[in-house]
């Protein structure tokens, strides 16, 4: 019934939102009962308070920024109420998506041909060392293969070099549960090394002078996390060979591909030990590979290996962080802002910060407990070292100031445990290794545990008596150290096999601090080969140069795509190379994924406009009791008939309706007294109305929870709300009484104002209170107003006003309707002398002003009460002194003149006005108010 919005209804000047609309805002259609006559109205939905320059009287406007509802009356938009409430429940789960087809399996690269295994030869002399092969040329880049099926989880990547310190990231979501750690193997027997020679006794040092008091040290930098040690391979039994000649320094070769796993070689004669090779040249920095073509988006697979670091992207949008709502002066359009207090993400649009979503995620699952390692093998206790010479006692230094506590360094990863070596002959003693580079200064360590008591040293020679020193000053009491964090519990290793105790080696000289070299890139982890044949221990090779550090890539912006359906498990693909460690991305947490197997949860739809509640549908199957039919109109008066001839005396007929006073007839003959007529037949029952159409079967997932009906006048306090959802409130004020008097005809009472299925969002943590109004009581020489009916939920107060009592000449005014003290509509006026009351006033189908009572007699007749929809006002009593009828309410016809509600209401006449007094009869009572609240879990 609503036409399209015309352009002339749009504003010709800027409204409070700063935008002049040339098209109509979204509209919502509301169905109005067919028996209600009203002008075509429109409902506007927009942001901000409406401007009076658009819209017509009777239109509605919803401000989506505040959920305030406005009604236009007399050219002005009036605030009706606020439709805000608690958030609705989650929507139903969307259907499970179709299963994606398996992707094509990528072609596996060919494995190089394995050399034939040689037969065990007879003892032969060791041949000369072959020349180093030329460096192969770089192969051309292969085309992108088809998308392969998901491969098995790759081996743990080697730790990359420490990246530059990034800016503090946002708190990320808890990661996926890690896989259990690999269980280490047990160590095997090792040969006992030769006992080192006893070092000569050092000369007695001179007495040092007292040092100056040192300045307070600056806080040390946090140490880098240690790399994971490579896993050593096991050696096999072999005879010890002679030491070979020292080879010339070879060029540094390119990094070779990982070869296939070779078979175990047969035992062979021991070769001579080669000389220590010279230090290789530093290799050139490898060229950066080309980017692959972008493939089509496939089904989402399981979590893959860490990808290669991408090229540097262009500068993106700024992401700001703070506590609380961002200031309008902060940032530029397009920037994002994260409120650290609430987890809300804001975007700046048109110079305003608009909340977008919350990035706070759910807590992840607890990871599985790692496997317990096997026990380590027992090792023999080393021999006791020779006691050292007793040094001179130094002077007591000044107490240094307490340094700041350094940051606790990251715990290094546990190195892989090497496999056990098979029994082998003891190798020659290795030469003294070069001194390693000094590591960066670590943070101050926590106080170590008390060591075990050492063995008693041999008694030294008696020293000369020293001079008596001066008594030192008492030192200040040191500050209590902060309690250190509890360290992680290490994995228990297996017990090692018994091994011979090694001799104590000589103490090497202290080397000169070398310059710290650049950290080299970490190579791929090679495939573990089988145990080789026994070989002599070679000399320790020189340390290679440290590779250049790769350039740091830009931080990528995380744009989360839609979650794909879980694909079938693909066949096992080839193991990929370990990717370069990427920089830390900004932590913008996505939505928590659904449990596997279950379909994705549908996106939460944007909040729709709150529609006005339509008419209540018929109950499924069993039909609701139909509304009471309208009272038929009084038939029109017929013309006066001609005087008929005297007929035969008939049986006494039914009493006819009172006719008009006829002309005086001629006196007839006196007739015989007639027999008493038989009782007339009972009138036929009215025809049954047409059967209503069968309603649709009610849903088994009904949102309806229950209803509360308050049909007795009085107070109802702190009543329980059974659900968090929406409540539809129907309420009516009490009716006013008719004016009482016996000397003339007086006005009828007005009906109460009403709410019909008015929607209010509620929470089960709330309660509601209500007052159901008492009907206006008759009183001689006057009338009484019906009481108001009120409902209070939180800070919302709905008031359905009681109807006014009639006066000596006019009918009572109907009850008004207000929300939080603001009048939404007034009641309809009562009729003046001899005139009917005005029918109910509609603001919309949810709010109704009460109908007015009929006016008192004007010397000829009184007026009827005003109507409401299907209910009619009370009929005025006849005669020059007849009383006016009462106004009709939401639930009942008005009471006729000179009648009213009984002292104990029958429960069906809620809110109706009492009839006016007349013809010697007092005026009638008004009927009491009523409240009904229907609770639903969702609109």
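Glycine is treated like the rest: Cβ placed from N, Cα and C.
The N-linked glycosylation site feature in Swiss-Prot is assigned to 15, 35, 39, 82, 788, 820, 858, 919, 925; the stated evidence is sequence analysis. The compositional bias 'Low complexity' feature in Swiss-Prot is assigned to 84-95. Summarising the annotation, Swiss-Prot assigns domain 'Collagen-like 1' to 88-147. Annotation source Swiss-Prot lists domain 'Collagen-like 2' at 148-207. Per Swiss-Prot, the feature domain 'Collagen-like 3' maps to 211-330. The domain 'Collagen-like 4' annotation in Swiss-Prot covers 364-423. According to Swiss-Prot, the domain 'Collagen-like 5' annotation covers 427-486. Residues or ranges marked as domain 'Collagen-like 6' in Swiss-Prot: 493-552. Feature annotation from Swiss-Prot assigns domain 'Collagen-like 7' to 564-622. Taken from Swiss-Prot, the feature domain 'Collagen-like 8' covers 638-697. The feature compositional bias 'Gly residues' is assigned by Swiss-Prot to 910-923.
Using a 10 Å radius centred on the Cβ of residue 858 (N-linked glycosylation site) and all shown protein chains, the other Cβ atoms total 15. The list of residues near the compositional bias 'Gly residues' (910-923) in space but at least 6 beyond its ends in sequence, with Cβ under 8 angstroms from a Cβ of it, reads 711, 732-742, 744-752, 754, 775-776, 778, 780, 783, 786, 803, 805-806, 811-812, 814-815, 850-851, 853-854, 856-857, 862, 865, 874, 876-877, 879, 881-901, 929-930. Of all the glycosylation sites listed (82, 788, 820, 919, 925), 820 has the fewest other CB atoms within 10 A of its CB.
When the Cα atoms are compared, residue 925 (N-linked glycosylation site) and residue 82 (N-linked glycosylation site) turn out to be 36 Å apart. Each residue of the compositional bias 'Gly residues' (910-923) gets a DSSP state, and the totals for helix, strand and coil are 0 helix, 2 strand, 12 coil. When the glycosylation sites 788, 820, 858 are compared by Cα distance to residue 82 (N-linked glycosylation site), the shortest distance belongs to 820. Closest to residue 820 (N-linked glycosylation site) in space, going by CA atoms and restricting to the glycosylation sites 788, 858, 919, is 788. DSSP assigns residue 82 (N-linked glycosylation site) to a strand. Here the domain 'Collagen-like 5' (427-486) has a mean pLDDT of 51 out of 100.
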